[in-house]
Amino acid sequence: MSALDILLWVAVPYISLAVFVVGHIWRYRYDKFGWTTRSSQLYENRLLRLGSPLFHFGILLVAIGHIGGLLVPKSWTEAVGISDTAYHVVAVVLGVLAGACTLFGAAILVYRRRTVGPVFSATTRNDKLMYVLLVGAIVLGLGTTVLGNLTADPHDYRETVSPWFRSILILRPEPALMAAAPLGFQLHVLVAFALFAFWPFSRLVHVFSMPLGYLTRPYVVYRSRDEQLGSRPTRRGWERVP
Amino acid sequence: MRVMAQMAMVMNLDKCIGCHTCSVTCKQAWTNRSGVEYVWFNNVETRPGLGYPRTYEDQERWRGGWTVNRRGRLKLKGGGRLRKLLTIFSNPKLPSIDDYYEPWTYDYDTLTSAPLQEHTPVARPRSLISGEPTKITWSANWDDNLGGAPDHGHRDPMLKGIEDKVRFEFEQTFMFYLPRICEHCLNPSCAASCPSGAIYKRSEDGIVLVDQDRCRGWRMCVSGCPYKKVYFNHRTGKAEKCTFCFPRVEVGLPTVCAETCVGRLRYIGLVLYDADRVLEAASTPDDTDLYEAQRRVFLDPNDPEVVRAAERAGIPRDWIEAAQRSPVHALITTFKVALPLHPEYRTMPMVWYIPPLSPVVDVVRDTGHDAEDHGNLFAAIEALRIPVEYLARLFTAGDVEPVNAVLRRLAAMRAYMRDINLGREPREEVAMRVGMTGEQVYDMYRLLALAKYDERYVIPPAHAEQAHGLEELATECSLDYEGGPGMGGSGPFGENSGGASPIAVENFRMLRDRQTTDTIAAPLDKDNRVNLLNWDGKGRPDGLFPPREHPGGGDPAGEVEPKP
Ligand code: SF4
Ligand code: SF4
Ligand code: SF4
């Protein structure tokens, strides 16, 4: 195992994940005000109405697929009697479908960003980098899946990528597994980790604001006035008397 | 009984001259920043007219507010929680910038830098959204004073069914101004639509606010508010709304829009209400009963039992006293001349209006009759079906009876007071015809016509003991807070990231930023373009004046070169 393997399949993932976690904590504490979807729907709705749901629902499916594929060991699915071929067919069909939706949605959104004037001028450099990484990861992932399955003997990532990813998570990295995977998977993984490292500093943070609490909270929220009245902090000795 | 206090406003529409001072001062105070150019927390619309944003009252289209379903339960008109979450990626009912208008500035720079030419250079409009040259086709009050009304006045949603009866020819029409701010509803559908729970109603004074740190830009509140009084800041990606000027109200000052109102037609005061009965009242099956239902939610602050319950609920003594003196309570409950705007939206709005008698008076006067005579006015109120019906659509979900009653009271007051002003014996029977005593009519007149500042605005400060340290008192520099004024600049994720800064300071900083850089409108030559709208007359923003030829001294007279 070369030093490069260690670097790519041990160091890079850990650094990326660390940046991902610490970055989010830092951003949440430092920049709650900047934590937003920064929607551009006000400027343009016709393309967004099509592209945005396609992309977002697609990528949610893709995410669920990845969680299943990466975290559930092959032995478990076999234990409940799902044959390898059945699993593979379902995974490929659903994966390609969801991936295609995502990519198509993303294409519409990128096209919209580029051609609709107000949307384009509201696009920051940060957004552009994010788009490159995100679309890059999607294209590589989808391409690997499609091309791999065109060959007679598609690579079974559940023998290499998945156990390697789990080995990272349980802090006993086995870089050799990943080093044995085909180039397509390797590139996809590397771009994905670059995306993870960039994530907390981009608008992608809004993923973690998925407002599921809305389903259960009371409709109208009451809150007490801030301790601080007016617009500057209370000075010592002038605190509110209960 | 769960007593809560609500800061509320009443506007007397007869006195509004449509000067837009309130809109402009509010804008200068709160929305003079990029991203909110099109935002008018206070706007004044001419009615009949389209309103702002255009046709916002057409809830079949925009689906704001609440509705009762077949089982009589209150639900959001725009769909329940699950539906909201499923449409979160593309809000189906969001007004686009075209429904507001595309904000613009002018490239004033050409006025000073254009080369010698035959024609006088002009400053052309530029969109503040795209930065491109633009054509101005609409604005926040494009149809002011029925401007263009023959063309689009009939699209006023409140005219549905009576379009052909309303005349828009200048001599024949009636019109009045409707200043609007956020209603700070008792049952706010904006808050109910917010997936993040970022919009909250303050339990002390009922002011509805958006927590800028928790808003994630889902835009559901914009659709949810039937009055379209939540706006989306397209630069920060957060929702913003009228704050009832809480930093001022907290120290006992009236809101900016009320303070600067030229007609002195705004009243601010507390209303006590029973929070346990809000839902029940909002679910009243019949739209036309909602006005009464909402009034029944209000509590009488002079009732000892209410006072005891209020004290138990932790409402301070001076607040209860303020509620007893509240002009808002008097106009709504004692004199019964104030009506809610669109009670049928079921949000229980808390900015109420005294409908204008002037359309009626004008007609009576124009026909040569005595417009101060209650008999003539009463007859005209009965006869002038269209204006009254229109007012009823705005204020009582179409029920003309309450509007008639209010107009008759105002007419009676007019007639009663004329006798007094002419030194005649006032006629008690005029007051009795509208179910009041002469003394009550006089009190009402006092409140509507004479009331001084401290009678129009009865605002108990949040905590007087703190007043010294509060922002709006000028005993200390209000920019003197930790971190310093405007020192921060922007965070690493664009101009709108980083910690939240105090509102006044934020405005200060934004103003300064806009004076010096205006990237959205002037992408390339931003250094020599300046937004005059935001220039306060101080300093020399780059590009406003031609560069000095000899910086740092020399004979000043030498700078005045003869220009070709
Ligand atoms: S009027 Fe104000 S409080 Fe009422 S729903 Fe609209 S934004 Fe919310
Ligand atoms: S209360 Fe304040 S924020 Fe609201 S409209 Fe009036 S001035 Fe503007
Ligand atoms: S300042 Fe007063 S009179 Fe002028 S438009 Fe506003 S509400 Fe009407």
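Backbone N, Cα and C atoms are what each Cβ position is placed from, and that goes for glycine too.
Over in TrEMBL, the protein carries these features:
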type     : residues                    : note
TRANSMEM : A:6-26                      : transmembrane segment
DOMAIN   : A:6-225                     : domain 'NarG-like'
TRANSMEM : A:47-67                     : transmembrane segment
BINDING  : A:His56, A:His188, A:His206 : heme b 1 binding site
BINDING  : A:His66                     : heme b 2 binding site
TRANSMEM : A:87-111                    : transmembrane segment
TRANSMEM : A:131-152                   : transmembrane segment
TRANSMEM : A:176-201                   : transmembrane segment
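Locations of recorded TrEMBL features on the structure.
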residue: A:His56; record: heme b 1 binding site; DSSP (3 states): helix
residue: A:His66; record: heme b 2 binding site; DSSP (3 states): helix
residue: A:His188; record: heme b 1 binding site; DSSP (3 states): helix
residue: A:His206; record: heme b 1 binding site; DSSP (3 states): helix
Subject >> In the chain carrying A:His66 (heme b 2 binding site), residues 6 or more apart in sequence that have Cβ under 8 angstroms from it >> reply: none
Original post:
How many angstrom lie between the most widely spaced Cα atoms of the heme b 1 binders A:His56, A:His188, A:His206?
Top reply: 23
Original post:
At least three Cβ pairs under 8 Å linking the transmembrane segment (A:6-26) and the transmembrane segment (A:176-201), pairs spaced 6 or more in sequence?
Top reply: yes
Subject >> Maximum Cβ pairs under 8 Å to the transmembrane segment (A:47-67) - stretch from the list A:87-111, A:131-152, A:176-201 >> reply: A:87-111
**OP:** Go through the binding-site residues A:His56, A:His188, A:His206 for me and flag any whose C-beta is under 8 angstroms from a C-beta on chain B.
**Re:** A:His56, A:His206
Original post:
Within 10 Å of the Cβ of A:His206 (heme b 1 binding site), how many other Cβ atoms can be counted across all chains shown?
Top reply: 17
Original post:
Any idea which of the binding-site residues A:His56, A:His188 has the thinnest Cβ neighbourhood at 10 Å?
Top reply: A:His56
